[in-house]
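Inspection log for the structure reproduced underneath, given as structure tokens.
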Amino acid sequence: MKNQKYIRNFSIIAHIDHGKSTLADRLIEHCGGLQAREMRTQVLDSMDIEKERGITIKAQTVRLVYKAKDGNTYYLNLMDTPGHVDFAYEVSRSLAACEGSLLVVDSTQGVEAQTLANVYQAIEHDHEIVPVLNKIDLPASEPEQVKQQIEDIIGIDASEAVLISAKSGIGIDLVLEAIVNKLHPPKESSTDILKALLVDSWYDPYLGVVILVRIIDGTLRKNMRIKMMATNSVYTVENVGFFTPKKHISDVLYAGEIGFVTASIKQVADCKVGDTITDEKKPCEQALPGFKPNLPVVFCGLYPTDSSEFEHLKDSLAKLRLNDASFEYEMESSSALGVGFRCGFLGLLHLEIIQERLSREFDLDLITTAPSVVYKIHMRYGESLEIHNPADLPDLQKIESMEEPWIKATIMVPDEFLGAVLSLCTEKRGVQLDHSYIANRAKIVYKLPLNEIVYDFYDRLKSCSKGYASFEWQIDVYEPSELVKLGILVNGEVIDALSTIVHRSRAEQRGKVLCVRLKDLIPRQQIDIAIQASIGSRIIARETIKALRKDVLSKCYGGDISRKRKLLEKQKAGKKRMRQYGNIEIPQSAFIAALKIGDE
């Protein structure tokens, strides 16, 4: 298939729950990609978590063959991209593989913050955008208002927006005609030298790593020797083909096409999303622009509740890493929790997904330490460090300054909840950058410290707006900040698993809350237990769990007072010995509950 004018490469942009995967299902069904008996909901979402949460995590592609009204047969390559902000880099690479996008907006809800972020990325990639209004068969649908919203917020003409209901199949043929008539075909190949974009990759137990590619120039054939330009590794192509969504093997992929390649690659870490693939014998001179390594943003410790499960956890993480190169981990040990792993994630959703997959697919029961971010530390003697584990923070006397990451957040919220959202952002040390109104919704842009977001910001935003606010963010800058290490001591011993790095203005409040929480959770012992929060050597909060007292005089009825005194002195000496050598056992439930702390 060398004639590029009959190829259309497109992606679908939508907020969570606006009907992206349902529309993809209908397009596959309409073009006969699957028989009716093989159809199921969310065909392209392969993981159970993707189906349950209604989100797309890995990019998927499918080739549809469509006989248009003009009598020609078109080959439509649909790229189903992740919609969540944690996977923004995957989205940008998927968009780079396409020439156009369908912007799917729920006609009962209007434009949301995440839609905005992805649309702006598509516009940066010079995409032709076709607005599609979904759920028009619902009574609450307001297509005219939503069209106006699209024009006001995004600034693209929505007068010819396609009105559909993906669930009931209304208007699907109109979407296909719009793809054929409004989206551009791929640019003509300027050279015969292979240049292909690596869009995504995943691990197959039989084939090794399967790579999703978009051919920009040249052709990709079976048995070719290919080179990855970012890692300089070389492989021999075993199979090339495409998905319909079933796997189809073909001998060659031409310029403009999207397909898959297998080449006995052992791990996904060798295939970096956004890399350029070229011919080893005749390499292209310049790699495709936009490649950057995916760096973790949020870190936390994962520990097995039962130490005998450590090897199982180690194997499970290695298996997950096969399929998810953006997830990093290294071994660490804690005096309170034993041996575990320090893991790095792209964001909070990514962290939740990995946790959920570990408990579901590998049946692991885990303790997760408080999430932290990467801080930049400038020492007095000139050295600079990057740390993400509070336990690694050097002595404050040796530190010249500390920097923390700030994000730029866009929040869309209905008018009536604006006050609550603004006060939440202010409480989280936010700085307002922009504030505008579109119909009865407000769009606010805030600069916020990432440290404040990773705790409970998203949950609190949803609860203070009754679920109506939508939120999107990207890392902005690192700025100097007055940060301190908040340590928790139980009977004078530091519990490293509960240490966190916080802003000085929040330390006292968070320390008090943690001490009160632990007081309720740690069981009483035979001696008093002191729970303290400290900054360096200064104690900023304290709670005491009173001792249980055994009544040693219960068997003494009357008689000599010296007998009673002797028993009491014996008890006193025993308690003194316990205080000296006694170890306070902190139950796992106390750790789990204390680590769920927000800023109550």
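For all residues, glycine too, the Cβ spot is worked out from N, Cα and C.
Under a cutoff of 8 A between CB atoms, and with a sequence separation of 6+ in the same chain, the neighbours of ILE136 (GTP binding site) are SER107, PRO143, LEU163, ILE164, SER165, ILE170, GLY171. Per Swiss-Prot, GTP binding site is recorded for ASP17, HIS18, GLY19, LYS20, SER21, THR22, ASN134, LYS135, ILE136, ASP137.
Taken from Swiss-Prot, the feature domain 'tr-type G' covers 5-187.
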_Mean per-residue pLDDT computed across the domain 'tr-type G' (5-187)_ = 78
*Fewest other CB within 10 angstroms, which one of the binding-site residues SER21, ASN134?*
SER21
*Relative to the Cβ of GLY19 (GTP binding site), which residues of the same chain, six or more apart in sequence, are found under 8 Å away?*
VAL104, ASP106, ASN134, LYS135, ALA166, LYS167
*Let me know the DSSP-derived helix, strand or coil state of ASN134 (GTP binding site), please.*
strand
*Cα-Cα distance, maximum over ASP17, HIS18, GLY19, LYS20, SER21, THR22, ASN134, LYS135, ILE136, ASP137, record's GTP binders, Å*: 18
